[in-house]
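Trainee: Let me begin by handing over the structure; questions about it come next.
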Amino acid sequence: MDPEEQLESTEGVPAKSLSLIKHILLVLSGKGGVGKSSVTTQTALTLCGMGYNVGVLDIDLTGPSLPRMFGIEDSSIYQSADGWMPIPVETNGKGKLCVVSLGFLLGSRGTSVVWRGPKKTSMIRQFIKDVTWGELDYLLIDTPPGTSDEHISIAEELRFTNPDGAIVVTTPQGVATADVKKEINFCRKVNLRILGVIENMSGFVCPYCTECTNIFSKGGGESLAKQFDVPYLGNIPIDPKFVDLIENQKKMEGTLVELYEKSSLYPIYLEIMKKVQEESSKPQE
């Protein structure tokens, strides 16, 4: 169904509560191309591997990539009597994992979304109020880069739900950290707690000897965290094997969660999630 038709057809549906969701985490970046959606995907897979029930909401309306990341791009969302039903990801007995994205409502991957602010706001409001998530331990919200209509809308929609906070993603280069500063300032303006900064693409893991080489500069994310007095969650290298996993997951034996648990990045994300849980457990100031 065309997403604009979907907006019209669900108008007037009663809002759904997020009260059954224990923790809400937003994943933000000031700059495009820093691997934010990759971080969201791996965070979800890690939490699921830890046994948690996880939902992922993709509000990058003009560039929804999560359906492909999870290997469910051919799925379609349908509306039940209770609201929109998230698309499940097979976990084979691990925690529950499900995804909602505008990508499921588009006719094809090449369909462009050319919407002004009010229509984006309406779509995000529907995602927040009309999706039947059920009981979840975590809801991850993947946002577009920058501080645009989507960010303002999600901040407004979540203002009464008391989200745990935001994970801010950057790469080591100065051009990325400069834009992330704006994202941190945005979080502070809307009273969204920053759980920490992740430095993504911090080095390259050789697929043959597993040695990690710094192909970019290093330490930009940690310096940024110190500058703004926010937690530094860790650095994540580029691993070609993870790219291969995402691209060829349907040809491999096992679920995406099981395959990811064998990757070199899984232990790194386990440590990062422990830090996130520690930060989110602290009382908000």
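Using the three backbone atoms N, Cα and C, a Cβ is placed for every residue, glycine included.
Marked as ATP binding site by Swiss-Prot on the basis of sequence analysis: G30, K31, G32, G33, V34, G35, K36, S37. According to Swiss-Prot, the feature [4Fe-4S] cluster binding site maps to C206, C209, an assignment based on sequence analysis.
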Trainee: Distance between S37 (ATP binding site) and C206 ([4Fe-4S] cluster binding site) at the Cα atoms, whole Å?
Mentor: 22
Trainee: Cβ-Cβ under 8 Å from G32 (ATP binding site), same chain, 6 or more residues apart: which ones?
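Mentor: Correct list: P144, P145, G146.
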Trainee: Write out the long-range same-chain contacts of C206 ([4Fe-4S] cluster binding site), meaning residues 6 or more apart in sequence whose Cβ is under 8 Å from its Cβ.
Mentor: C212, T213
Trainee: Cβ-Cβ under 8 Å from K31 (ATP binding site), same chain, 6 or more residues apart: which ones?
Mentor: P145, T170, T171, V175, A176, D179, V180
Trainee: Give the distance between the Cα atoms of G35 (ATP binding site) and C209 ([4Fe-4S] cluster binding site), rounded to the nearest whole Å.
Mentor: 24
Trainee: Give the residue from the binding-site residues V34, C209 that has the most other Cβ atoms within 10 Å of its Cβ, counting over every protein chain displayed.
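Mentor: The residue with the densest Cβ neighbourhood is V34.
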Trainee: On a count of neighbouring CB atoms within 10 A, which of the binding-site residues G30, G33, G35 is highest?
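Mentor: Counting every other Cβ within 10 Å of each candidate, the maximum falls on G30.
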